[in-house]
Structures are given as structure tokens and as C-alpha cells.
């Protein structure tokens, strides 16, 4: 099945999901679309989030994708259920893969979740966790500084550690908590710094890594895996400027990505 | 969705999968069937394995199961693809969940697989791993003593460690290998002993734990998760004697399981 996999995000965070998919599924071709122009979605109305996400989906459906990965927590919370019902291809979000991995990992049944203010307010992780295992205790904490940190390239070093330590201070006292979910696709870029602050007793779950793992499972169940027959050729699209996009891809992929194009999905959507 | 989940195995090994499902999916009800009478399947012909598995499936379909988990490596290798095509419910095996978890875990791309002689001979793990990620290097090793050890209750202590150390000797020299897949559902009962022999630098993947995790994902995608509305009531069936079955459930569940019934699925199948 040579058709590509579509990956959408409100901006650059979903690149951590794309990167893990490229690592775990090296035969597959990805088409990534980041709506950097209208990012962040966290402060948008529900109607806007749904409209913008639909515009991204329309753009990718025209590229003949075989599966859609919503690599954005906010868009997952507001659009996953409906897209799963209406699209003719499998659709995967980032919240439940992280929740399932945390349930598998925890022994104490006490799980911490960090994310943007919008994600923490939506209670999406808590609902997903308790829906599967009601006795799980969930402590949630918004970390509003982490996305701007990542987008400015502050990933490690003394300054990064200071901000992470201050942000996570309410969690360090939770002695029972043994598992921490990175509930934002930007946060895996801070994973080492976060781990150095929490110490090794707390296991960190990256919802990006777990989403890539479940994408692999879903491709197999739907018999959509690509055979190893030719070179993959990923494409990256952004609705905004290229600078942050280029910086994050360089950091993640350890190489310069040339196949980045700026697109206007709003116009494209109107021209249908 | 109050219908139970069916779990089948040639004997008691699949109880490690059932145990993890009970832990990760505490709202769900399981019906477990172990064909202890005709165990092990590893030395049976393909035709026998298919016939015996079909008899187990028929027994469970009458119990109105909503999903089938083939918690046996041999049965997975020989029957998964066909059952997935013919049954009207989702079907999950144990091989690919372990393979996907290993691909997610490995950094060196060098993975070890241990299993029964039949499983190692089938090359099922190597095929599953290379199908997803061709550059993975796979070292496979049959450990024929591990199943009899587990069934005799030798799980830890000096004798267990000696046998595990001798069995794994060819692997200890593989310096590049960073991930070891327990490719037999009996082996998670030896996990601590195996980890003490390999050291902490090798990450151990239990295909039982990973299968439970993917069962959770598949229930969610198919909208089959059970709401948290009443107490679950698992049932265990075996075609053979109860003694090993009772010993393993006591070891795993840390309590005596009373709901074990001996059944004759061959007769039941004939009476259709």
C-alpha cells in the first residue's frame, strides 16, 4: 500500500510524532501539515478548531492518504470522534495512546499529566485514563512555558532546567506518582531535561512515541503497511513561516529538511 | 459493551496475557480457555493446530465474545491471518504487539528473541520485525527448558538462575543487542530472573504485556470498551487437569481462582 500517511498539527509539535513514525515505520511515506499560521489552537473557539482541522484534513485527503494521525492534543480532543466516524480511512489521535501506555507502565496507579492549559482544562487525559481504569489517580499540571521554550530552541542547559524545575515543582512532592505523561507533542523535545528534574523513579511517557507505535498497529490490522519496495519521500507543509519549522526539524532529524513548502489551506478549501 | 473478551491458549502461558488484561482493562470480563489436554501445540502438525484452535474459537463464540485474543505464539503464527478474515469480531495475536514494542524500544536496531523451538523455527518474530523495519538485526534463540521450568514452579532462586544463565549464554556475548523479546507467553513469569541474568542494559519486552496494551487500543477503536457499571466476573476453562492451571493462577494473581472449569471442547465442537 504505497499511499502516504497524513499527519496534522496546529504547528511544529506534531513533528515529534512524525519523527517517531519515520523511526518506527521507515518504509512509510509521510505528508505532514502544520497550521503554523493559526497556531496555537489552544486559545481558539471549538468552532474554529473544528473548521481549521477540517481544512487540514481536506488538504491531505487530496493527497490520497491511507491513514490520518492527529498529532495535536487540542485537535484530538475536539475532532477525533467525529473524524473517525466520517472519514473512510483510519484516524488516530495522540491522547489515548499516551493514556494506554501510562496504564501499562504504572504500578502505583498514580499518574501525572502535563500539557498546555487548553489540554489540561479539557480533562481529556483524565477522562481517557479513568474510562479504562477508574482507580487511576490523575494529577494534572499545565506547563505554559514549555511550548515557547521549545519554539525558541531552549531545550537543555541551566536555563531550561530552571524553568522545568519551577514548572514541575508541584509534582516533585507527589511521592506516590510513578508515571508522567507528556501530554503535548512539543514536550518530547524536553524529555531529557524533564527526566533530569524528576529523577529516574518517575517513568516518562511520550504520547508522540506511543502514537507512532499505535499507528504501526493500526496499519497492520487494516493491512495498510507498505512493502519495502522503494525509497520513501516525505513531504512537509506549513501554513506559516518556515523558520521555527526548520529549526525544529533540524533539532529532531539532525539534518536539514528541504521538502518544506508553504501552503494556504484556507484558499484551497474555499476553491473546492 | 458488556460482552466478554475471549482469550485462548494451548495451555497456561496465556494466563500472563489474561493477567495483564485484567490489570490494564479492569472493567472488562474475560473468558479464558486453555487447551491443556493437547498442549503443547509446538510439536503438532499445522492441520492439528488449526483444528484445535478452531475448536477453541467455536467454544468461545458461543459465549458471545466481542474480541478474540490468541494468547499463544504457535496458534498466532498458524491461524491469526485466517481468523482475522473469517470472524466477525476483532482478532489479536501475541507476535506483532511484541515486535512493535521492540521496534519502539531499540536504539541499536539489534533485537534478541527467545521462544519455544516451534516459535523460533517459524521465524514469525523476525518476519514481523523486518516487515516493519528492514534494517533491524534479529538474533533468535530457542529456550526449550523455560516452559517446563515455569510449569514446575521454578521461577526464581539459584536453580532458575542457573538454567536461565546457561540458556541465554549465546546472547550475553551479543554486545550490540539492547532489546530482548520474550516470545512465549510463559516467559513473563521468569522475567525477573531473566533480567538479573541479562543485566539492566538490555530492555525486556513481554509480548503478554504488549498484547494487553494493544487489546486496549483495539477495543477503543472499535468502540467496544465496557463502561464502568458493574463488577467483572472472569471465567477460566481448561481441557485438562486443574493442578498446573491452579498453580500458575495462584502465582500470577496472588490469590486462588475458583472459577476454573474443565471442559471437553472436542465433543462440543462435534455436537454443533
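Just so you know, glycine gets a Cβ as well, placed from its N, Cα and C.
What TrEMBL says about this one:
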type     : residues                                        : note
ACT_SITE : A:72                                            : active site, proton donor/acceptor
ACT_SITE : A:184                                           : active site, proton donor/acceptor
BINDING  : A:9, A:10, A:41, A:42, A:73, A:74, A:185, A:186 : substrate binding site
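In the shown protein chains, 30 other C-beta atoms lie within 10 A of the C-beta of residue A:9 (substrate binding site). Taking the Cβ of residue A:10 (substrate binding site) as reference, residues of its chain lying under 8 Å away and at least six apart in sequence are, in sequence order, A:34, A:35, A:36, A:38, A:39, A:40, A:41, A:52, A:72, A:74, A:75.
Over all protein chains present, the Cβ of residue A:186 (substrate binding site) has 27 other Cβ atoms lying within 10 Å. The local packing around residue A:72 (active site, proton donor/acceptor), expressed as other Cβ atoms within 10 Å of its Cβ over all shown chains, amounts to 32. Largest Cα-Cα distance over the residues recorded as binding substrate, namely A:9, A:10, A:41, A:42, A:73, A:74, A:185, A:186, equals 14 Å. Each of A:11, A:13, A:14, A:39, A:40, A:72, A:75, A:116, A:119, A:184 belongs to the same chain as A:9, A:10, A:41, A:42, A:73, A:74, A:185, A:186, is absent from that list, and has a C-beta within 8 angstroms of the C-beta centroid marking the substrate site. Residue A:9 (substrate binding site) carries a strand DSSP state (E or B). Close to residue A:73 (substrate binding site) in the fold, though at least 6 residues off in sequence, lie A:94, A:95, A:115, A:116, A:118, A:119, A:124, A:183, A:184, A:185, A:207, each with a CB less than 8 Å from its CB.
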